[in-house]
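Annotated active site, proton acceptor per TrEMBL: HIS263, in sequence order. What TrEMBL records for SER265 is active site, nucleophile. As annotated by TrEMBL, Ca(2+) binding site applies to SER227, ARG268, SER273. Residues or ranges marked as signal peptide by TrEMBL: 1-33.
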Amino acid sequence: MPIPTAPARRWPRIAAMTVATLAITSLAGPAFSRDPSSLVTPPEACAALNVDVDRLACYDRAFQRRPDDPLRADAEALQARQAMDQAAERERANLSRRERARLAANDLFKSDDGRTSLETSIANAGKGALLDSRWELARDSKLGIFNLRAYKPVYLLPAVWSSRPNELPSSSNPAVPAQPLPLDSVETKFQISFKTKAVENLFGDNGDIWMGYTQTSHWQVYNSEESRPFRESNYEPEVMLVFRNNYSLGGWRGRMLGLGINHQSNGRADPLSRSWNRIVMNIGLDRENWALTLRPWWRLSDGSEDENPGIEDYVGRGDATLVHVRNGHEFALMARHSLRGGDASHGAVQFDWGFPLTRTLRGHVQVFDGYGESLIDYNHRSTQIGLGISLLEWF
């Protein structure tokens with residue numbers, strides 16, 4: 001049965017009016033103020049938390065503890081590095097080549113035993129910065145292994161409107177036939193994401209192995225004629241080796257470098273099965289209330305059994321995510337591209353806005369345009385607008 005078109009035409013106007021109303025009230029209204037005094041957590045509530053990391057963060061909020069200053073940490077690290085370099089030059093001036101190599105190896109794999117205050121300052125560069133708050137990069141930010149930590153945003157969007165529902169998902173592989181799907185233009189979308197550190201300080205006081213998992217689901221909850229099916233769920237486990245670094249680039253501070261293995265699939269049977277595996281590099285920089293992550297990736301071939309050949313020509317060969325945090329609001333812009341021209345030039349952009357509603361709940365707006373909003377749509381272009389709530393943002 002065809003879907004009426006009139007409500008679909010009205011929905012973008014309703015969404016635009018809703019977004020405008022939320023923007024005005026959240027930025028100007030006192031009910032949505034991000035004044036810390038209005039969001040103070042009672043200390044008694046913190047004692048009930050079982051996870052050490054969450055309990056510590058709760059007490060910090062309760063007592064309005066002043067956060068670490070990454071600029072001060074960077075300045076102390078720079079001074080310490082200069083002092084150590086000068087001392088090292090004096091110490092090594094008369095050493096043989098073999099002795100210099102031995103000292104270099106000791107520096108690479110040294111433990112915390114005998115660590116000087118200068119070395120500690122260097123290892124604490126960027127303490128309190130945005131990326132440090134999520135990846136425990138600084139030496140004194142590390143909280144041990146197998147603590148459940150936030151990764152990507154966690155949200156529920158009860159209403160997501162699509163300009164072009166993919167009612168005939170297809171593959172570039174001729175052996176995978178197209179499968180018709182009767183879809184509504186409005187559905188529900190939610191995402192859960194978390195990570196945990198499996199190994200800490202693999203090389204001296206640097207190098208952590210993280211394991212992450214992200215699941216994004218699209219639910220045709222309003223499609224009663226088709227028994228409200230889940231249209232698509234994407235499962236994304238990954239393992240990453242993450243290093244702390246500290247360098248300056250055009251006013252930004254390089255904070256982290258990661259390399260990982262990423263698997264993404266939708267868990268469906270043919271002809272709707274989609275999956276791919278990637279080697280992903282993660283370059284992270286930040287400055288004040290901004291964070292930028294650059295992720296180039298290389299696909300691992302699936303050979304003749306590839307269910308989605310050429311997916312990198314649509315979803316892309318890398319992405320960049322820029323996040324800005326201001327007065328309790330978080331704005332995130334993601335862009336990805338195939339890095340090819342002509343008929344292989346495709347990509348996508350996504351904008352997310354998180355804003356405070358209550359002390360523990362946030363509103364969330366998401367706008368997407370391009371290819372690959374989900375795996376089943378890897379070669380299908382659409383525009384989507386979603387409204388809902390979020391429990392966690394990027395930072």
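Placement of Cβ uses the backbone N, Cα and C atoms for every residue, glycine included.
Structural mapping of features recorded in TrEMBL.
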| residue | record | Cβ contacts under 8 Å, 6 or more apart |
| --- | --- | --- |
| SER227 | Ca(2+) binding site | none |
| HIS263 | active site, proton acceptor | GLU236, PRO237, GLU238, SER275, TRP276, ASN277 |
| SER265 | active site, nucleophile | ASN234, TYR235, SER273, ARG274, SER275, TRP276, LEU375 |
| ARG268 | Ca(2+) binding site | ARG274, ILE376 |
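Every protein chain shown contributes to the tally, and the Cβ of SER273 (Ca(2+) binding site) ends up with 16 other Cβ atoms within 10 Å.
Taken residue by residue with DSSP, SER227 (Ca(2+) binding site) is part of neither helix nor strand, so it is coil. According to DSSP, SER273 (Ca(2+) binding site) sits in a coil region rather than a helix or strand.
Look at HIS263 (active site, proton acceptor): DSSP puts it in a strand.
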